[in-house]
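Below: one structure, written as structure tokens.
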């Protein structure tokens with residue numbers, strides 16, 4: 001997560017210098033070239049890691065021996081030991097079975113990781129039912145809110161900094177991503193390392209018992225820092241304050257972009273590990289839809305209300321969203337127990 005966020009800040013930082021030195025068209029061409037190289041490397045050097053282990057005859061024999069042993073319930077000690085010995089021997093034979101290593105071409109197959117008989121349409125639709133889980137809803141709205149304000153600043157800052165009274169060139173304008181880079185690092189540190197250390201400390205206080213809801217306690221930090229950054233940026237732009245106010249506001253807003261998803265994704269993995277991958281896919285997909293809609297409406301919103309009112313409203317929305325952390329911390333254990341037997345978790 002931190003690497004993705006850093007890429008979103010390093011790219012615009014370099015982009016400013018490319019646009020000033022070459023042109024904005026060359027920025028697009030360089031992005032295309034780098035993307036094509038990355039796609040080629042992934043395609044050729046990253047084989048499918050998912051596979052289906054075929055059931056061997058030895059393992060089937062071992063299973064039948066186990067079933068026979070459990071069914072007969074032999075009373076004679078000698079017969080029991082003999083039956084267990086047969087079972088263990090069959091298991092050992094199954095373990096030593098070998099399969100032929102796939103060739104490079106076979107590993108590159110687009111369908112090598114899909115079990116036979118699987119419906120690819122159902123595989124695509126499988127994550128959708130997870131949207132009813134409270135933890136998924138919470139992860140989605142908090143991640144979307146954290147991303148939206150950063151995207152808003154990314155879109156709007158050129159209209160401000162490249163116009164009077166600042167009148168910066170694109171290369172200097174791109175330097176606003178330096179505080180964004182720092183904010184992402186701080187957020188990743190809070191959501192990752194600090195949360196892990198805090199969970200270890202709380203577990204020791206709780207007689208060694210770990211509660212997944214402990215990961216949500218430190219979300220208090222981005223809940224304070226991000227709205228403050230939104231207000232600082234809004235007032236900095238609206239009142240034409242010194243550029244340091246705008247830079248600090250952006251850096252504070254980016255703290256939530258890494259702190260919140262790192263903590264909430266880890267929390268979901270602790271609660272629903274069997275469907276963790278599907279849930280992450282769903283949250284990221286919904287987040288992108290929300291981001292598209294938000295960017296579509298941010299410019300008309302700013303035009304009608306102004307920077308101060310718009311970013312003040314954003315700060316209030318973010319605080320309201322983060323307040324959902326409180327009921328989740330209180331009722332999280334009950335929610336986990338109630339949903340553990342749901343079909344979407346067990347299937």
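A Cβ is built for glycine as well, from the same backbone N, Cα and C atoms used for every other residue.
Annotations in TrEMBL come from automatic prediction, not curation.
Listed in TrEMBL for this protein:
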| type | residues | note |
| --- | --- | --- |
| TRANSMEM | 29-46 | transmembrane segment |
| TRANSMEM | 130-156 | transmembrane segment |
| TRANSMEM | 176-195 | transmembrane segment |
| TRANSMEM | 216-237 | transmembrane segment |
| TRANSMEM | 243-268 | transmembrane segment |
| TRANSMEM | 280-303 | transmembrane segment |
| TRANSMEM | 315-335 | transmembrane segment |
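Between the transmembrane segment (280-303) and the listed ranges 130-156, 176-195, 216-237, 243-268, 315-335, the one holding the most Cβ pairs under 8 Å is 130-156. Using a Cβ-Cβ cut-off under 8 Å and counting only residues 6 or more beyond its ends in the same chain, the transmembrane segment (176-195) has close neighbours at 1-2, 5-6, 9-10, 12-13, 150, 157, 161, 215, 218, 221-222, 229, 246-248, 250-263, 266. Sequence-distant contacts of the transmembrane segment (315-335), counting only residues of its own chain at least 6 positions beyond either end whose CB sits under 8 Å from a CB of the stretch, comprise 134-135, 138, 141-142, 145-146, 149, 211-213, 216-217, 219-220, 222-223, 226-228, 230-231, 234, 256, 271.
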